[in-house]
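Participant: This structure is in structure tokens; I'll ask about it shortly.
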Amino acid sequence: MRSFLFLAVLAASATASILKRETATNLPASAFTPTKVLPFSDAQAGTDLVGLNTTQSTSPFGGAQGAAVSAAEAACSANPNVRIEWRSYSTSQRLAFISAIKCLMAKPPSGNFPPATSRYEDFVRLHQMWMPNIHGNPKFLVWHRYFLWTWEMTLRDECGFNQPFPWWDETLDAGNFANSDMFTNTNYFGHLPGPDPNGNPYCIVSGAFAGLTCHIGPGTSTTTPHCLSRMVDETLTAQCNSGFVNLCNSRTDYASMESCSEGGPHAYGHNGIGAVMSDVSASPSDPIFWMHHSFIDHNFRIWENADPARLTTINGDDHFGNPLTLNTVVTVADIFPDVTIGQIMNTMSGVQIGDHTFCYRYSY
Ligand SMILES: [Cu+2]
């Protein structure tokens with residue numbers, strides 16, 4: 001009798017979990033608002049530069065504080081964390097990275113970002129709430145640099161991730177994202193299908209995140225549970241090429257470069273992967289978001305490498321029209337301590353943030 005009851009309960013819960021999968025709605029393409037793009041020809045013509053504040057603000061670090069910064073930098077450059085490009089990232093590193101993301105998804109939310117249903121969704125909700133402040137203006141690149149780093153540190157602190165962090169050189173997959181083994185190998189991010197015959201996305205039913213339900217988004221919604229879906233357009237991913245990156249990086253002031261990067265390769269990567277990724281507000285719902293942003297942060301760092309003065313110079317206006325300075329605060333709410341732009345302009349500043357040192361570079 002008792003074992004019969006047990007079996008009945010087991011059968012009921014199996015049915016419930018199947019039902020739960022089926023109730024995650026596959027939203028149509030029209031539910032997702034694509035990210036605003038800057039076409040290559042417009043970037044070439046500089047149409048996005050009209051009205052941009054290009055007044056430069058330079059290093060606030062002098063005297064004793066300047067000396068402290070240099071000491072931290074020297075300590076960092078002796079032993080920086082190196083972000084490894086996906087192709088060189090070993091199988092065991094890949095599996096550890098994926099399982100750390102799954103761990104974050106399985107952890108309860110902090111309660112500070114309602115209605116997030118997991119620790120992972122805390123990050124999605126934060127990004128969604130601050131949508132206008134952190135996109136469409138030059139704060140975008142510095143904020144997302146910090147957002148990505150604090151997410152990495154959370155994987156380390158809360159899920160025991162202890163491998164180097166990966167990055168994705170999208171220029172090598174431009175126009176051909178779907179064939180990257182990030183998508184084709186079923187141990188990783190799941191497939192990247194094209195649209196269905198009606199032009200709508202598919203729910204992702206392969207890979208480590210098969211059957212994932214997203215509770216945040218699309219747009220500003222928090223009451224529309226939906227499946228993780230994708231709908232690739234390789235004519236858009238083709239814009240994540242080195243020619244476009246180089247065009248953006250040929251701009252010599254931060255705000256001008258930022259405008260090109262955000263509307264160019266950044267926006268085309270989001271829209272190219274499509275569906276959940278195309279809707280910028282809640283796009284971190286798709287775990288490929290972090291790989292895409294590693295590429296954008298990489299390109300920013302490469303731009304900085306061309307002139308050391310760029311590590312201590314900022315310009316442009318924030319969402320409210322206030323000029324960015326090196327003392328402008330960058331915040332991820334209570335997920336990690338606030339920092340200033342001056343502390344994270346250099347990925348190898350060696351600044352102490354909480355229990356961690358801000359100190360990384362890219363493998364190339
Ligand atoms: Cu974003």
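Numbers run from 1 along the shown chain.
Here the Cβ of each residue, glycine as well, is placed from N, Cα and C on the backbone.
Automatic, uncurated: that is what TrEMBL annotation is.
What TrEMBL records for 135-152, 286-297 is domain 'Tyrosinase copper-binding'. Marked as signal peptide by TrEMBL: 1-16.
Quick one: where do these features end up spatially?
Facilitator: With a threshold of 8 Å between CB atoms, the same-chain residues lying at least 6 positions outside the domain 'Tyrosinase copper-binding' (135-152) that come near it are 36, 123, 126-127, 161, 165, 254-255, 258-259, 261-262, 266, 280, 290, 293-294, 296-297, 300, 314-319, 324, 328, 330, 332, 335-336, 339, 341, 344-345, 347, 358, 360.
Across the domain 'Tyrosinase copper-binding' (286-297), DSSP assigns 10 helix, 0 strand, 2 coil.
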